[in-house]
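Colleague: Heads up, here are the entries from TrEMBL:
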REGION    46-69  region 'Disordered'
COMPBIAS  56-68  compositional bias 'Basic and acidic residues'
DOMAIN    100-245  domain 'DUF6536'
TRANSMEM  104-124  transmembrane segment
TRANSMEM  154-173  transmembrane segment
TRANSMEM  212-229  transmembrane segment
TRANSMEM  416-439  transmembrane segment
TRANSMEM  504-524  transmembrane segment
TRANSMEM  631-653  transmembrane segment
TRANSMEM  674-698  transmembrane segment
Amino acid sequence: MENPARYSSMKGSIYRKTSTNGYETAYTEMVEVPLATLRRSLAETDTEAGGLLPRAKSEPDSHEKADGINHGQGRFRGSWATIFLPIRRGIQNVSIRWSWKTGLYIGFYASLLVLIGNVALLLIGCLSHGGIVQGIGTVSQGTPEDMQSLGTKYHILINLLSTILLTSSNYAMQLLCAPTREEIDSSHKQGKWLDIGLMSMRNLRHVSRNRAALWFVLAFSSVPLHLFYNSAIFEVTSGQDYRVDFINLTNSPSEDGQWERMDNAKWPRIYSSPYVLGYGDLRLFISDVSFEMQLNQNWSWSLGPEFSGICGWKTWNPHDTNFTILEIPLDFNVSTGKARPRTAGTGYRAVFSLESTDLSSQPHYEWPPTHFVNVGQFPGSSSFQLCSESNWLQQYPFQVAYGFARPIPYYSKLQFALPFFIVVIMANLMKTVAIFLTLRSCSPQHIITVGDAIASFLEVPEHISRGKCHMDKVHFTWSKSSTTEPRWTYQNKSYLFVIGGKRVWTCLILLTVISLNMGAFVAADSKTNKSYTQSPDAVDHIWKQWGTASTLVLPFMSSSFDTKVVLTNAFVANCPQVVLSLVYFSVNRICTSICFATEWNNFGKHRKGLRTTTPAGLQRPAHFLQLPYRWAIPLTTISGVLHWLLSQTLFLVRLEKRKLNGDLYPESTCACGYSPLSLLVFTLVFLILLLVLLFLLLRKMDICVPAAGHSSAVISAASHPPQEDINAHLKVISWGVVGNPDGEKIGHCTFTSQYALLPREGDLYR
């Protein structure tokens with residue numbers, strides 16, 4: 001591409017609008033003006049009828065709207081355009097100065113910055129909280145709430161860095177598979193076409209081996225990022241052995257910072273499983289004790305041993321005793337007017353209050369030993385649970401007044417896996433080096449955008465595609481004796497059928513199936529819940545547990561702590577990240593095709609300069625991300641959000657089982673945890689994205705130019721300007737019917753800087 005400075009004194013062509021007849025617009029009175037005047041004229045889009053007309057319609061195209069300029073839409077939008085105009089011009093100046101390398105430089109420095117950030121995270125873990133122990137480092141420790149909040153922040157940071165890195169990688173991959181003009185010509189001679197403006201594996205068979213190798217390095221280095229990045233940092237839940245002591249209420253200690261008082265509604269909920277988060281030993285203070293009572297029909301009685309299973313008993317408190325007797329069934333003798341117990345023997349209970357001042361007069365028995373809960377063996381813990389409708393213990397003859405629990409301040413941790421981080425850093429390094437090598441291997445000769453392709457074929461038309469201007473991608477053939485009748489027909493199609501039809505439908509169906517399967521998993525989840533805390537309360541609150549706060553684990557996964565199981569669970573937790581990345585590529589490809597089709601078709605409606613990666617003349621700079629910013633920024637953002645939501649849906653969980661002295665049990669486990677609430681939010685966001693995509697695809701388009709669908713062959717066939725149209729690629733152009741100097745009955749359509757008519761319905765064109 002030539003230097004734009006060479007054209008500073010060049011003259012351009014401007015046409016005055018003289019008549020409009022239906023779909024046909026004629027331009028006459030061609031005048032020659034200096035190029036500088038032409039530039040100023042084209043910048044003024046609010047031109048009155050009869051004045052300078054830069055395009056067939058005064059309405060700005062979609063790309064100008066995307067850049068923030070929407071002329072004639074009111075002072076509000078105009079004021080914003082004025083505010084951001086210097087920024088926009090600055091971006092354009094940078095694009096013109098650095099052309100296609102701008103994106104690669106930004107991607108290289110961004111990947112280098114991410115690499116530095118990953119190394120910094122690694123050093124933080126290695127140098128804090130005791131360093132690395134068996135490949136695991138501790139980032140922080142504290143309460144579950146603090147660790148969950150910190151873990152969420154780390155995962156947001158990880159997904160932000162991952163999005164930046166993958167976006168930079170995708171940009172480089174698209175440049176690597178962009179063909180040169182020589183590669184396109186070679187493919188066309190073989191009867192094949194290449195994709196333009198799209199990351200396509202079809203092109204890899206026709207580009208150089210070095211570029212293809214770099215493309216595969218960038219592609220495969222993304223897999224470790226998806227599989228291990230989100231699992232590199234994870235939360236640790238600790239379950240510790242604890243003692244349950246039964247203490248006489250009269251020995252109640254004063255409250256201090258070492259123990260926390262809990263009522264009978266709180267401590268049973270916390271100590272309902274072997275995994276107690278944030279607390280250690282438990283002390284239960286007993287107010288009453290009961291004994292089995294043997295009552296004879298002559299009203300004589302005696303106390304037996306302590307009795308278990310107190311639930312369901314009713315008490316009776318006679319006025320002449322200092323203890324309570326459980327309800328006694330009586331037989332009433334009408335003749336004597338006396339009552340006596342219905343049966344003799346056991347079946348009765350006597351309840352004594354331990355708050356009595358005269359305990360020596362009350363019966364005694366051996367106080368039960370400390371109840372020891374061993375999380376390594378997962379014993380049943382119902383022996384110190386309360387009856388449902390009273391404060392009596394289920395398995396001990398005690399009535400509990402309250403409890404004291406010993407808080408453990410640092411019982412939750414945020415840790416990182418050194419092997420995972422090393423893999424991530426190596427993948428990051430590979431991407432950084434590959435992007436740097438891409439800078440050296442790519443050149444301005446690469447045809448990256450549709451504007452590059454049109455400019456190349458206008459400058460040097462390809463003879464092999466001559467006479468096929470009427471063909472779209474579906475009907476294109478290299479045969480000179482085509483059976484297709486080249487008669488122009490105006491069509492109104494949805495974008496869905498313009499950009500792919502069956503292939504896009506298949507992609508949409510697959511995305512819908514994925515969404516429905518996720519919804520079905522959410523609906524069926526309540527029947528298969530399994531909590532690693534073994535607490536029924538955890539299952540009851542699954543819809544209140546966001547992200548890693550959820551205690552649910554996948555029931556079909558192994559839960560040991562060896563290296564193989566850890567890698568397996570990490571793979572299961574992050575394999576959907578790879579699938580989501582493929583889904584994003586599909587969505588991005590569809591959106592790119594929509595924008596390509598819009599820009600391509602608008603050349604039949606408006607006169608405008610080509611968007612190229614190396615602008616010259618009246619050409620405009622191409623978009624940095626191959627998409628208008630109003631498309632690229634939301635797509636990149638929604639990709640990062642979905643990846644983060646998925647990391648909060650499936651995640652790696654480490655469960656530590658510790659003895660009273662703090663030693664780790666060998667039965668410590670690693671599992672794949674999940675959150676139904678996060679899965680529900682992820683499914684809804686994914687479904688919204690799918691609906692928006694479907695809405696965009698079902699919009700109608702008036703076909704003004706044969707649909708190219710990224711095909712280099714169709715672009716070549718549409719770029720055969722008249723011989724007198726010199727340097728058309730440097731001027732504002734449109735597509736339409738040009739004059740036929742040979743006087744043939746069949747017309748010719750092409751991109752041209754000269755005046756062009758819209759094709760006439762039913763006419764023949766080649």
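Every residue, even glycine, has its Cβ placed from backbone N, Cα and C.
TrEMBL annotations: computationally assigned, not manually curated.
Context for these features, please: burial, neighbours, distances.
Modeller: Each residue of the domain 'DUF6536' (100-245) gets a DSSP state, and the totals for helix, strand and coil are 93 helix, 23 strand, 30 coil.
Using a Cβ-Cβ cut-off under 8 Å and counting only residues 6 or more beyond its ends in the same chain, the transmembrane segment (212-229) has close neighbours at 158, 162, 165-166, 169, 172-173, 176-177, 204, 420, 423-424, 426-428, 430-431, 434-435, 437-438, 441, 570-571, 574-575, 577-578, 581.
Residues 101, 104-105, 107-108, 111-112, 114-115, 118-119, 121-122, 125-126, 132, 135-137, 139, 165, 168-169, 172, 175-176, 211, 214, 217-218, 221-225, 228-229, 231-234, 566, 570 of the same chain lie 6+ residues outside the transmembrane segment (416-439) yet bring a C-beta within less than 8 angstroms of a C-beta in it.
For the transmembrane segment (631-653), same-chain residues at least 6 beyond its ends with a Cβ under 8 Å from one of its own Cβ atoms are 66, 152, 155-156, 158-160, 162-163, 167, 230-231, 234-235, 237, 532, 546-548, 553, 566, 569-570, 572-574, 576-577, 580-581, 584, 587-588, 591, 595, 623-625, 670-675, 678-679, 681-682, 685-686, 689.
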Colleague: Taking every residue in the domain 'DUF6536' (100-245), what is their average pLDDT?
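Modeller: A mean pLDDT of 84 is what the model gives the domain 'DUF6536' (100-245).
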